[in-house]
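Below is one structure; the comments refer to it alone.
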């Protein structure tokens, strides 16, 4: 919350606070949308976002196009082909109380001059998805991306059972909806992640996003994603006049639509709907985080239009977080793979959002101090993203007399070494490279599916190997023998042979798996692949300068600094030597990006307008991008070529005024044949 009302800030104070809020929000957006690994709850993000909105409303001159309040959605992932959305996929405005929702309805009625019917829908907690069909056949699936340009995830969408590959009628159309992960599938996925030494997903939304954006469609297929479709683009083509009719029309074509949508003509009906699903949401097999109101009349939707970021004809009501009261009996500190020491509250078991909760993350020492959380305190819990239990506040009035502040450790709970703060980070960290807890986490991570993929080497086996002093680092894995493994509990000949075979097979992995498996700070699987493909082998990466690494697309200075620091360590250099001597592959042997041959559009910025006899616009866009073109949605001085079909309209006129070269469909076909 702001220290005072936005209108009481001086311009200088407001500017400083705006810059601070934008920096923080952009970091959280990166974690949420691109890394699929949020570090704060939706409520914390929303509070900061509304503070920024308030300051920008008080001082409009501080609004910039790159402000989080002006941008839509995700940062584009360079691993996927880009898709230009012919009609932008906008975000959605939101409110956080029924009073705010009623005020929005009053403004709506005032604007249009009469009462408004709304189609009321559940707000599915997932990832926005666009599907394009030609003659009834699915030809493209894409994410929202930044609203104008998304990611082509067609191969992954084809693995989702609820997405029809062929419609019940041979129609050409675009629909939009939500890709989500059911609660049961999320529980199975996180159980598998933990068994294989991976990091559990924070919530089903991030699990869905991470699963849909997999480079390997087989991984997506195993994640049990589902969809609800709720938007029909250009419905007038099909004589559909209301949102409720659109949902019925899409359902008749074979799409899965949510059965809970209904038309409401007044706020009393909407209030009843909200109360019903506030109560029943935990019983649903999928996550929802609110209710969506959409003007039901599609012609009125078109009349109301959009702002830069959101439609004026729809709004989301966000549920308040559900809370439960409990007592903290202990705070335990655990050491992670990178040495970060994290506190967890151990509490009386309590029912919260449909599950029994007995532990909750406290994140870091600063949170314990800021909220003054003490052992013995009565606290209120909520579930961040409806999944992760967190302490929302302390009920100080119920605190026992003379309860001391919670002790913050000065030494590592695993190895006893003094804990430190690196740079200006909040986390406490153990920097002992031989810390047993870290080594166990590192070994488990190294063997995980997305790293070296050593099947059968999970946390329990790693713990046994450590306890029997058979391994002290990842290089030791490659010196294990059948006699060594025979010392493990319940390890017979078959298990021994399977594990030795998996370890031996991992020697041949392309080096990006090794880079990821080493657990370098900030280096995830995608960054590891980019680095491996760019440098070709580990030796070139190890000897590259920080500047050279930072210049690699999508890497940047933070990752570059972490890599240089990591490989400077004598213990790391010794480890790499040992891996080399164990015949572990250090070269990139994965697929390389195809080089686009010279074509009439290679490297050019192209705009498409009008209707074509031989192409749909999405198919033509995809074909031109495959030839090396950058296809955009508007004509400017930077446009190299306009491809104009029939009824080209204003884009053709603008291109002519700017002397942009223009190509018709006949000329286009001739060029494509060359």
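Positions of Cβ are set from backbone N, Cα and C atoms, glycine also.
If you look up Swiss-Prot, you'll see 123 marked as active site, N6-AMP-lysine intermediate, on the strength of sequence analysis. The annotation NAD(+) binding site is assigned in Swiss-Prot to 42, 43, 44, 45, 46, 91, 92, 121, 144, 178, 294, 318 on the grounds of sequence analysis. Annotation source Swiss-Prot lists Zn(2+) binding site at 412, 415, 430, 435, citing sequence analysis. Look at Swiss-Prot and you will find 596-674 tagged as domain 'BRCT'.
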List the helix, strand and coil residue totals of the domain 'BRCT' (596-674) as derived from DSSP.
27 helix, 16 strand, 36 coil
Out of 123, 412, 415, 430, 435, point to the one nearest residue 294 (NAD(+) binding site) in space (Cα versus Cα); all of them are recorded positions in the record.
123
For the domain 'BRCT' (596-674), what's the model's average pLDDT?
83
Could you check what DSSP calls residue 46 (NAD(+) binding site) once collapsed to helix, strand or coil?
helix
According to DSSP, which kind of secondary structure is residue 294 (NAD(+) binding site) found in, if we only use helix, strand and coil?
strand
Show, in sequence order, which residues other than 412, 415, 430, 435 on the same chain lie with their Cβ within 8 Å of the centre of the Cβ atoms of the Zn(2+) site.
335, 339, 413, 414, 416, 417, 419, 432, 436, 437, 438
When you measure from the Cβ of residue 412 (Zn(2+) binding site), which residues in the chain that are at least 6 apart have a Cβ under 8 Å away?
335, 341, 418, 419, 430, 432, 435, 437
Taking the Cα atoms as reference points, how far is residue 44 (NAD(+) binding site) from the residue listed as 'active site, N6-AMP-lysine intermediate' in Å?
19
Its Cβ having more other Cβ atoms within 10 Å than any other among the binding-site residues 44, 92, 415, 435, the winner is 435
